[in-house]
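Read the structure below first, then the notes.
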């Protein structure tokens, strides 16, 4: 039986690149790229990606087990499915990326970088996702991009909705609620993420899922992600999810991107600040020549603080809380 992760890590294509089981047909489309189509009728086309950052191993392990169970017949496929391991060379080396962050390159932004394996990979991933959705005759398009965060978080499991000018899918929102996410963050401007690309270019209901902290293979406690794992299994098999057991999600929207625009950029407490740390109005957060930032709202929460990014890139995002009723959902 095809071992999706092992073959991808080997750097060699499988000897057999397509086949079928009792329940589905599968096809290897390239390194870390696999389609699975059920024999039965279906109404959804779903993309699940992991490993855009090579050191984020928990989502890779979760996705690989999902593929293994589908191919073994332990889980019955009910959707048209594309699974992607985003950056195989970085996965092999246990690195976030080798030259540049792929998750800033989508939407054609890779063309502004020095050509590399990662710019070419971003282009390939875009082409495969567009071709997958364009060949679909289904009414529903979904994309979940699985990640883990660099540092700890007051909300260990959270989602990021890409900015879009149309309302978000109510069905996606219900699924995100039922997989026990602690928080949901709404972007308020366009970006170079994979989820933003599939939302903007392919009109997919898309979300980036952050599952805990980045750890090496074999060191993940996957039990803490059991609700999300079950959610993915439920999604691809079209089975019901149990009702949410934990307290309700918290909701945030982005109000400020903190850009590192000078070599002397400083970010307050950056080395030990965890995601969703709260700061009061007036707190000085960043310093750089001619551009300091103080918290403007009564309270703001920081996400993805990283003062070591390259010049011109985002060193963090500031959030404010919002109510569920403020989310644009249809």
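Placement of Cβ uses the backbone N, Cα and C atoms for every residue, glycine included.
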137, 143, 147: which one does Swiss-Prot list with 53, 56 for the Zn(2+) site? 147
Give me the CA-CA distance between residue 53 (Zn(2+) binding site) and residue 210 (active site), in Å, as a whole number. 12
Tell me the Cβ neighbour count for residue 53 (Zn(2+) binding site), meaning other Cβ atoms within 10 Å of its Cβ, over all protein chains shown. 24
Other than 53, 56, 147, the chain contributes near Zn(2+) (Cβ within 8 Å of their centroid) the residues 50, 51, 52, 54, 55, 59, 96, 103, 146, 148, 149, 214
For the C-alpha pair, I'd like the distance in angstrom between residue 147 (Zn(2+) binding site) and residue 210 (active site), rounded off. 5
So if I draw a 10 Å sphere around the Cβ of residue 147 (Zn(2+) binding site), how many other Cβ atoms end up inside it? 25
Under 8 Å between C-beta atoms and at least six apart in sequence, can you list the same-chain neighbours of residue 56 (Zn(2+) binding site), or say none if there are none? 50, 96, 146, 147, 148, 214
